[in-house]
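What Swiss-Prot lists as transmembrane segment is 7-27, 38-58, 59-79, 82-102, 142-162, 228-248, 254-274, 285-305, and the listing cites sequence analysis.
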Amino acid sequence: MEEELKSFVKVWGSAIISVSYCYYIPSKIKRGVHRLLSVLPVCVLFLVLPLFFVFTIFSSTTAFCLSILANFKLILFAFDKGPLLPLPTNLFRFICFTCLPIKLQTKPNSQNHLPKWVLPSKVAIFVLLLNIRSYKILLPPILLLGLYPLHLYIVLDVLLTIVNALLTIILRCDLEPHFNEPYLATSLQDFWGHRWNLMVSAIYRPGVYSPVRSVCQHQMRSDWARFMGCMTTFFVSGLIHELVYFYINREKPTLEVTWFFVLHGVCTAMEIAVKRKMQWSLSPMLLRLITVGFLVVTGDLLFFGQIERSNMLERRANEASLFIDFVKRKVFNYTVS
């Protein structure tokens, strides 16, 4: 554990120094290719940093924050786009907005109108899920089918909400939420575009979808340009998830996750085309059941297979236990001495 924490300090120390360089040097360079060339060495470094970890909790977090989000932010920053514009007022804020999964809130937060019991309920489910993993063998298959997606959503939502709350206090500004109750999605377009992982969606839109659509509009009809933008975005998302799985498992990619996102890209594009031709006549509740059901089934077939085979959730639980034991020993030794 001590070696892993030393690696953590070195990796994130390197990240902070690199982002500080981006704040002082590339920001003074004219936007475009020259600024892009000045940030590319940092992007390459961020792709390497997760490989210094053994623990999945550190490698996956670093991959998500640096290899994916920070790299996209810096590439968009090179062209005066993305969440780093306008340039934060000081270095500390620039480091936070670059390295952490946060985005300055630009619109009123609709989640403020949610009942007060929603967050405590999620925390209670989070605690329950931490304990129910020990009884996985005893659970019926139909329950296990929904356990992985529920676990993924609740863990991410609770932890990222806590991070947002702390950084809202530290930075003294309102931050965008990461999720907008995705279980209420009435379509795949609603789920991926407006409810699930909004931080990533806000980066994919200017970073992948809009450029591809803009280029394709000169070659084909606007409908096909939208389709190409949609498919490219989902394909890139699939490759990025394959990269994260590689950082965690250090195994050859299976492309299962890529096919999951390609499938959802096709289905989302078809859904958008159908909605343009006709109006939905189904009730919102039925649409939610169909949408969530499709996500759960396809996720079980293509998305969560690698997680289950690699025992990632169990490994993370063991890593958390090791970390807690390490802290207890250090505190005990400190109090005794």
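Glycine residues also receive a Cβ, built from the backbone N, Cα and C atoms like all the rest.
Residues 12, 15-16, 19-20, 22-24, 27, 64-66, 69-70, 72-76, 160, 163-164, 167, 170-171, 175-176, 178, 199, 202-203, 206-207 of the same chain, all 6+ positions outside the transmembrane segment (82-102), place their C-beta atoms under 8 angstroms from a C-beta of that stretch. Taking Cβ pairs closer than 8 Å, the transmembrane segment (59-79) reaches residues 11-12, 15, 19, 22, 26-27, 31-32, 35-36, 38-39, 42-43, 46-47, 49-51, 53, 85, 97-101, 199-200, 203-204, 206-207, 240, 243-244, 247-248 in its own chain, all 6 or more past its ends.
Outside the transmembrane segment (285-305) by six or more residues, the chain places 145-146, 148-149, 183-188, 190-191, 254, 256-257, 259-260, 263-264, 267 with a CB less than 8 A from a CB of the stretch. At the 8 Å Cβ cutoff, the transmembrane segment (38-58) and the transmembrane segment (7-27) share at least 3 close pairs (sequence separation 6 or more) and count as touching. With a threshold of 8 Å between CB atoms, the same-chain residues lying at least 6 positions outside the transmembrane segment (254-274) that come near it are 187-189, 192, 223, 226-227, 230-231, 233-235, 237-239, 241-242, 245, 294, 298-299, 301-303, 305-306.
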